[in-house]
Each structure stands twice: as structure tokens, then as C-alpha cells.
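Listed in Swiss-Prot for this protein:
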{"type": "ACT_SITE", "residues": "156", "note": "active site, proton donor/acceptor"}
{"type": "BINDING", "residues": "110", "note": "substrate binding site"}
{"type": "BINDING", "residues": "127, 129, 212", "note": "Zn(2+) binding site"}
């Protein structure tokens, strides 16, 4: 375990004198450099970021903090954070404005997808490889085809998901609809599909990726986290309901 920890907690690079290390040094537990590692540790215990998968990013003023790619998420430390200037170009990658890069770590493959959420006003974006998210994408495809949405109604927990910017939260009787996009061989190639899904569903705060996972965002880290929790609970419930032959969306059966 010590060797694995060292793999993640490597020394920072020094392309300039201090590599802007002051950006990730804070005693405040809510500072993004401290909060992202704490969130990733929780997500690991929930099975959301197993095997280095998934990621988390927080926008803090005109800075974006991003966990590195290809590392064990439960071992991430504040010094492992990448920091970008915001706004910043999504493409080409060489034009992205990194103002802090830890040595020997790779920028997240999720970066352009996180930027897509931030361009729409999000304060935090979470990407998980939840098994429940993957399963509901497969069930929707089998029952409704590749154009189908995940839809569920008359379940108390949908009240934890916003209806859209400034529109309040879903009510118990509402139908929650989450769009699903197709997976791609490389994470960054999901960006176009994510953008299309958001443009077609401007009120959504989440997009499922078939056979892959989900992207969830919120106005703040706390809102993104609780929305992701609510959705994952609903996905697990939906899988169990399907086993029992119970409909997800009662509004469709009326």
C-alpha cells in the first residue's frame, strides 16, 4: 500500500519556481484541493471510482481543480491536483490553460467533459462508473432502444434532483428523465455526445453513458454530490423494480 500511495503522492513538478503550489495549500476542508480527495475517498467506498475510473472536478472562482487520471482515487492527495484557468479552450488539448501541473501525473481524460458542465454554470462535476448506472443503461436499451431515456416517477427520492436552473426541484409525481449517450473508445470522444444531450435537454443535471457510467453536475460540490447520491439510489431501486416486474414511470401507465 505504501508503494501505491507513493505512486499517487509524487513530488510536484517545478517548471517555474513553485509550480503555483499556493493554489492547493489551504487548511480549509472545503477548499477544492482538500475536498476533491475527500470526495474521491468516499466515492471509492461506494464503488463509484473503482480501478482508477471516474473523476471529480470543482470550479472555484476563475480556477478549475481536477483530480488526475489513471491513479487510485482513494489515495489522491491535495498536491496531486491539476489547476486550470477558467475559462479555457477545450480543444486542442495543447491550448488548455494549466497553471499548475503535478509532476509525473496525467491530466484527467474527463477534462473536456468537465469543461462542458462548467461552461453551463456548474460548480462541480462528478463522473462515476457506478454499476447501477451501467445496468439501467442496458435495461433502457433492451426495453426502449438506443434512443430511450431513463425515466422514473412517483418515487420520493426524485425530489433530490433539480428540474432545471431556477425551476426548483422535481416533485413526487413528476417524471425524472435522464438522457443516455453511447460510449466511445476514448473518454474525450464522449464530449460531442455530452454536448448534444445537454443541448437537447437543457434542464438536465446528468447524462448517462451506456455501458460506462454517468456524469452529474451541480451548482456547488454539495449539490453535485447529493444529486449523484440520489440518482445512484434511484438506479439501484430501478434495477430491483425491474426484477419484480414493477414499472419505473407510473405516469406512462395511466
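First residue shown is number 1, and so on along the chain.
Using N, Cα and C of the backbone, Cβ positions are placed for all residues, glycine too.
The local packing around the residue listed as 'active site, proton donor/acceptor', expressed as other Cβ atoms within 10 Å of its Cβ over all shown chains, amounts to 8. Residue 212 (Zn(2+) binding site) falls outside any helix or strand according to DSSP and counts as coil. In sequence order, 129, 134, 137, 183 are the residues near residue 212 (Zn(2+) binding site), counting only same-chain partners six or more apart with C-beta under 8 A. Highlighted in sequence order, 53, 54, 128, 130, 133, 209, 213, 214, 215 have their Cβ within 8 Å of the centre of the Cβ atoms of 127, 129, 212, the residues recorded for Zn(2+), and are not part of that set. Taking CA atoms as the reference points, the residue listed as 'active site, proton donor/acceptor' and residue 110 (substrate binding site) are 31 Å apart. With respect to their backbone Cα atoms, residue 127 (Zn(2+) binding site) and residue 110 (substrate binding site) stand 8 Å from each other.
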